[in-house]
Amino acid sequence: MQSFTDTPDFQLTTKNTPSVVMTSDLRKVYRTGFWMNQKVVSLKGCSLTVYQGETFGLLGPNGAGKTTLLKLLLGIIRPSGGKGLLLGQPLGDRHIKQRVGYLSENPYLYEYLTGWEFLELAAGLFEIPASVQRQRIPELLDLVGLSVADAQKKQMRRYSKGMLQRVGMAQALINDPELIFLDEPMSGLDPLGRYRMREIILSLKAAGKTIFFNSHILSEVEKICDRIAILSQGELVCSGSLDELLGSQNTYHVQGQNGDWEILKKWLANLVYEPDGYWQGTLQEDYYDFLASVRLMGGRIISMNLSRQSLEEFFINQIQKQDTSLHEVIDQSEV
């Protein structure tokens with residue numbers, strides 16, 4: 001009997017970098033209603049790969065299926081179809097969980113425990129010896145920027161949101177995991193808290209950890225991630241490196257002088273005419289042909305600067321395309 005890991009489309013490596021997360025046509029359908037005869041499709045055939053040592057961002061609007069995908073990968077819920085591997089083993093493998101860290105969105109932390117006691121509890125679940133705990137816990141507190149005094153003396157009900165998030169991050173790292181899942185790690189944090197969380201994630205990346213997280217704060221994702229995927233309405237809209245996705249729609253801000261105004265309007269968006277024959281606009285076409293056209297009409301280029309769209313602009317564009325496609329399908333089905 002052939003294992004699904006042997007199939008040609010489900011290999012564990014690409015070039016020289018092994019994958020640590022891989023899914024193929026992963027699906028999740030929930031049953032609802034009094035008789036459990038109604039179906040809600042939460043995830044529709046998701047196929048993606050996360051490689052060792054990279055920081056991977058999962059993006060999508062509310063209700064897109066991001067948390068469902070995380071729970072499937074972690075083995076918290078079972079898939080309705082498809083297949084997946086986590087660190088080379090099928091999803092749900094108990095032994096793999098020893099090598100994984102997880103920070104959920106808005107985690108419940110035992111408020112009458114101190115941060116230190118909570119980390120001892122988390123370490124005990126992994127059967128980490130007390131001697132190792134005494135060394136590991138102070139190291140983690142230092143990493144997440146929480147003082148030993150606060151961790152030992154204050155009950156967590158007296159912690160700020162940022163302090164709770166840092167304790168949550170420390171417990172996700174208590175077992176020194178190879179792969180770390182973070183569900184909205186910057187949710188509810190102020191700018192300073194986001195900065196500190198970003199620095200923690202970057203330090204983990206520098207240490208060779210693989211990080212899989214979802215977030216609505218796209219500016220932070222753009223600073224941190226190597227690759228991203230966008231989910232919308234349970235479907236994987238796109239995935240790839242930021243350079244691949246954002247670089248595919250590069251634009252150029254062009255400033256020049258002289259030339260035929262009507263021809264320039266055909267090439268440039270947002271064209272503005274200025275005194276003494278100067279003009280500026282945005283170019284989204286092949287700039288080689290544009291430069292040749294400017295020379296032929298006697299104009300000159302003063303400057304041309306590459307202006308890559310932001311992740312936020314790309315994200316909104318992709319979601320709007322997905323919504324438009326969905327409405328078109330619905331409209332056609334009603335004809």
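Just so it is clear, glycine is given a Cβ too, placed from its N, Cα and C backbone atoms.
Positions annotated as ATP binding site by Swiss-Prot, on the basis of sequence analysis: GLY60, PRO61, ASN62, GLY63, ALA64, GLY65, LYS66, THR67. ALA64 (ATP binding site) falls within neither a helix nor a strand when secondary structure is assigned with DSSP, and so counts as coil. The Cβ neighbour count for ALA64 (ATP binding site), using a 10 Å radius over every protein chain in view, is 24.
Per Swiss-Prot, the feature domain 'ABC transporter' maps to 21-258; the stated evidence is sequence analysis.
For the domain 'ABC transporter' (21-258), the model gives a mean pLDDT of 93. Each of LEU231, SER232 belongs to the same chain as GLY60, PRO61, ASN62, GLY63, ALA64, GLY65, LYS66, THR67, is absent from that list, and has a C-beta within 8 angstroms of the C-beta centroid marking the ATP site. It is GLY60 that, of the binding-site residues GLY60, PRO61, has its Cβ surrounded by the most other Cβ atoms within 10 Å.
Residue with the densest Cβ environment among the binding-site residues GLY63, GLY65: GLY65, by other Cβ atoms within 10 Å.
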